[in-house]
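One structure is given below, encoded as structure tokens.
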Amino acid sequence: EKRQAVLASIDEEPSEQAAPHTEEGMSSGEGPRALVIEGAALKHMLGDPDLEELVFSIASGCNAVIACRVSPRQKALLVKLVRHNVSPEPVTLAIGDGANDVGMIQEAHVGIGISGKEGKQAVNASDFAIAQFRFLEDLVLVHGRWNFFRLSNVVMFSFYKNAIMAGCLIVFNGETVFSGTALFDDWVIAMLNFVAGVPIMVFGAFDRCLDKDYVKRNPEVYEPSRKNELMTIRVMFRWVIVTFVHIFSLYHFTVQPLGKGGGISSAFRGLSSKLDDDHPGEAEGADLTSVGTITFTCLVILLALKVLYESKSIINGNWPAFTCSKDAKEGFFSRLAYTWHGLTFGSIFFWFFFIWAYEIVSEQQGPGSFFNFAGVTSHVLGMRSVNWMLIIFVPVAAIAFDVAGKVFSNMYFPTQTQIHIELEAAEKNAARKMNTRGMDETGGNGHDENMPVDEPDII
């Protein structure tokens, strides 16, 4: 039903709003209304609560309000009038290009300054600056919408990743009679925001759920951002459930198998081979540091998969990113696969580099309370095959719960944004099939001359 409603709203052509006329040709007064008021009239009204309420009630019944010859203070009071007389308080936006607009820009929630012939005062006092008024459409409908969806997911993910690590520590304390013993090494805990921060930073900078052209053709997609679609109780409840599922998946799929006797069951050459005569049973791995390192490794990979799964657009870039070809239309930074570089090099590879470097530093400084990681990395990654099995399968098993929940939600309780994503995907598939059919009929070589040769691939 939601999909049918959205399709109907898209197919409807906007009708011209005209004031109905009676048989005598006179206007009936039942059409769009506008209020035009001068500063001289506002001088007697603003400041009086009764008159302000009267002005606002009249203005609320109009499609447009034009205030002319008003002072800078009156502009700010008009914005304040809207903010304080609407419940719940709306998000107001003010735009201006001169010094007389500074008060209005500062009074609104969002202030936009236009840089022009009247100086830079409005720009300096604003939250955003644009060069021309026509850029307001892209700023609000396109970039503002993208930014809302990006930041909403970044905020949720920030709480989610810290809650997962803290949850593992809390659950583990049940095994240690709540003695405060940490499952992870202190330096490992401190690395969470570094190894898990790069993927979500890439997500917050580049993710977009709908393309610019589709958004401008269907401005109704802006409505979900006004209704806080990604900050509802339903969405937060889903994140909370996923957090608890991932906590117990990580803990019970790693700590329990390794710490309950499973730590002495696996080695690349077998425990009986005695890799070193002076260190019999060196491949055992039920100690606290080894188990905690494997759990944290699964946590890092799970967070990377979570970012990849929440992304609405994956930047594959072009290979090779560095090229001297004359046909390349973009530079090096426009050809990078930011999504994959952020996940692999910025998170997973960086984590493995850190634990190897941490081991080397610990061996150089000597085991102690400050560096207590000597031999841990080579032990858990080089002598125990079961650890690699857990590293591969535990994050996949944990994210499978999230995938199942998202598929069920999109199928039976889709949001307006999800419906438009599916409609846009259907449009792209239809256009791709039509383009392919046209090239087959004309005997083309499979390349559309109207398309850029090296346009970065964004899914």
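Even glycines carry a Cβ here, placed using N, Cα and C.
TrEMBL lists 123-415 with the feature domain 'P-type ATPase C-terminal'.
TrEMBL lists 1-30 (among others) with the feature region 'Disordered'.
The region 'Disordered' annotation in TrEMBL covers 437-459 (among others).
The list of residues near the transmembrane segment (154-172) in space but at least 6 beyond its ends in sequence, with Cβ under 8 angstroms from a Cβ of it, reads 181-184, 189, 192, 196, 200, 203-204, 230, 235-236, 239, 242-244, 246-248, 250-251, 255, 295, 299, 302-303, 306-307, 310. Annotation comment: TrEMBL describes 154-172 (among others) as transmembrane segment.
Sequence annotations record features per position, and here TrEMBL assigns transmembrane segment to 187-206 (among others). Distant neighbours of the transmembrane segment (187-206): 150-151, 153-154, 157-158, 161-162, 165, 292-293, 296, 300, 303-304, 307-308, 310-311, 313, 315, 338-339, 341-343, 346-347, 350-351, 354-355, 358, 371, 373; these residues of the same chain sit at least 6 beyond its ends, with a Cβ under 8 Å from one of its Cβ atoms.
The annotation transmembrane segment is assigned in TrEMBL to 235-253 (among others). Nonlocal intrachain contacts for the transmembrane segment (235-253), taken as residues 6+ away from its ends with a CB within less than 8 angstroms of a stretch CB, comprise 156, 159-160, 163-164, 167-168, 171-172, 229, 295, 298-299, 302, 390, 394, 397-398, 401-402, 405, 409.
If you look up TrEMBL, you'll see 288-309 (among others) marked as transmembrane segment.
Per TrEMBL, transmembrane segment is recorded for 336-358 (among others).
Under the heading transmembrane segment, TrEMBL lists 386-404 (among others).
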Chain residues outside the transmembrane segment (336-358) and at least six past its termini with a C-beta under 8 angstroms from it: 187-188, 191, 194-196, 198-199, 201-203, 205-206, 293, 297, 300-301, 303-304, 307-308, 311, 314-317, 319, 321, 371, 373, 376-377
